[in-house]
């Protein structure tokens, strides 16, 4: 009897596991968790790396000591406080103060200027490090997309988890610029595998355009949640526990996600039945290029802010670690709201219109950020920026799948490789140019310039209002046989 009961229990458990593996909702949860952890690692470093690198380069004067210093510049003057200031001449130098001491005093007359110079220089190094992840991801995507056509989505997805775990461990114990640079670049390979595979998996499991938009809105909500949690999590943990702790926590969470993938997705080679469109044909499609370009321009502004805004806040507001961490909080919260709201709403109002309005709002918010004089003034423009980026991302990601359906064939690995390339292009160009632009034209003019580019690009999205189908696929509109594979899924809510 006991053996029979164990067999029945095992059968029930096996049936439950099998139903979970076939559930679209569980696939959506796994993809959302993978995007959450990837972007949590992406943004956790934002408040940590700038100060950590500054302290490495200035071991005798760490940044927290400099920021807490309240010594007025006038106390460094070589003149006694009870005597009137006199002009120092060459004769005075030989009798009252040595040339070496005089030059030393000149360099310490205004420590604020020296700190400003050091921080601007720091922006360049931090920007290059932050851009390395996106740049490597940019190079990896064209290989991952076609690879998913040959072996399926599950193996690249699991490979993304392994690489991200290794990157997190390196971040935890890295103590030099080169090691941290390696960790950031390695994360780019893992992100490429996770994002391209995850979005392609969702597009395949949700063939209906409206449902696909909703599902991708939820998945991008996981991305937004990672962006939301990352900066304050990194800032607070670094402030009160240390640099290693936040990355060890992330590595444990990544292990949990890997076990879930191993159990439910069962990574294995699966081949696509439909012939995939070539990467060249997708890149040469002007409508796909316009949709991908909107993603690039929408994310370039926030990418420029990631390395430069914390340093600008240190310079102009003497902001501490926790303030640097929470400054991106309004953008992350509003991005989470925007992606979940415009997943379904974008389909209703027109995804082209949602993205067009999003680019205009992004430009306005970028122009408002340099006007802030304290952290409270950054709340509204950062919140508007995050909401508008959510409008663009949650509209254009499902739009890419829709364009492939009506203009090519319903195989999605390569088109989401292009979508991820567009996303990474913004996060490669932004941080890489941020330091140089801040150094040459200043923080304010840098943001003004990218705002103008958003305004110029926005009208191009009108072309996506009614994109034409290919001649041989116009039967899709008439309801005849087409290359788009529609799959009927049982309503999971009714089962419950």
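Each residue, glycine too, has its Cβ placed from N, Cα and C.
TrEMBL entries are annotated by machine, without manual review.
Taken from TrEMBL, the feature transmembrane segment applies to 26-49 (among others).
In the predicted model, residues of the domain 'Major facilitator superfamily (MFS) profile' (27-470) average a pLDDT of 80. According to TrEMBL, the domain 'Major facilitator superfamily (MFS) profile' annotation covers 27-470.
Residues annotated as region 'Disordered' in TrEMBL: 71-91.
Positions annotated as transmembrane segment by TrEMBL: 151-173 (among others).
If you look at the transmembrane segment (215-233), the same-chain residues 6 or more away from its ends with a CB under 8 A from one of its CBs are 24, 28, 31-44, 46-47, 198-199, 202-203, 205-206, 246, 322, 324-329, 331-333, 335-336, 338-344, 386, 390, 393-394, 397-398, 401. Annotation comment: TrEMBL describes 215-233 (among others) as transmembrane segment.
For 245-265 (among others), the entry in TrEMBL reads transmembrane segment. Note on the transmembrane segment (245-265): residues 17, 20-21, 26-27, 30, 33-34, 37, 40-41, 44, 48, 154, 157-158, 161-162, 164-165, 168-169, 171-172, 233-234, 237-238 of its chain, located 6 or more positions outside it, place their CB under 8 angstroms from a CB of the stretch.
Sequence annotations record features per position, and here TrEMBL assigns transmembrane segment to 286-305 (among others). Nonlocal intrachain contacts for the transmembrane segment (286-305), taken as residues 6+ away from its ends with a CB within less than 8 angstroms of a stretch CB, comprise 130, 134, 328, 331, 355, 358-359, 362, 366, 369, 385-386, 388-389, 392-393, 396-397, 399-400, 403-404, 407, 415, 418-419, 421-423, 425-431, 433-434, 437, 446-447, 450-451, 453-454, 457, 460-461, 463-464, 467.
Among the features that TrEMBL reports, transmembrane segment is placed at 325-345 (among others). Within the chain carrying the transmembrane segment (325-345), a Cβ under 8 angstroms from the stretch's Cβ atoms is held by residues 43, 46-47, 210, 213-218, 220-221, 223-225, 227-236, 238-239, 302, 305-306, 309-310, 313, 319, 354, 375, 378-380, 382-391, 393-395, 398, all 6 or more beyond its ends.
The feature transmembrane segment is assigned by TrEMBL to 352-372 (among others).
The transmembrane segment annotation in TrEMBL covers 378-398 (among others). Among residues of the same chain six or more beyond the transmembrane segment (378-398), those with a C-beta under 8 A of the stretch's C-beta atoms are 199, 203, 209, 212-213, 216-217, 220, 224, 291-292, 294-295, 298-299, 301-302, 327-343, 346-347, 351-352, 354-355, 357-362, 364-366, 368-369, 372, 416, 419, 423.
Residues or ranges marked as transmembrane segment in TrEMBL: 410-433 (among others).
Sequence-distant contacts of the transmembrane segment (445-464) (same chain, at least 6 residues past either end, Cβ-Cβ under 8 Å): 286-287, 290-291, 293-294, 297-298, 300-301, 304-305, 308, 351-353, 355-356, 359-360, 362-364, 366-367, 369-370, 399, 434, 437-438. Residues or ranges marked as transmembrane segment in TrEMBL: 445-464 (among others).
Remote same-chain partners of the transmembrane segment (26-49), defined as residues 6 or more beyond its termini with a Cβ less than 8 Å from a stretch Cβ, comprise 20, 126, 129-130, 133, 157, 160-161, 164, 167-168, 171, 180, 184, 187, 190-191, 194-195, 198-199, 201-202, 205, 215, 218-227, 229-231, 233-235, 238, 243, 246-247, 250, 253-254, 257, 260-261, 264-265, 306-307, 310, 321, 324-325, 328, 332.
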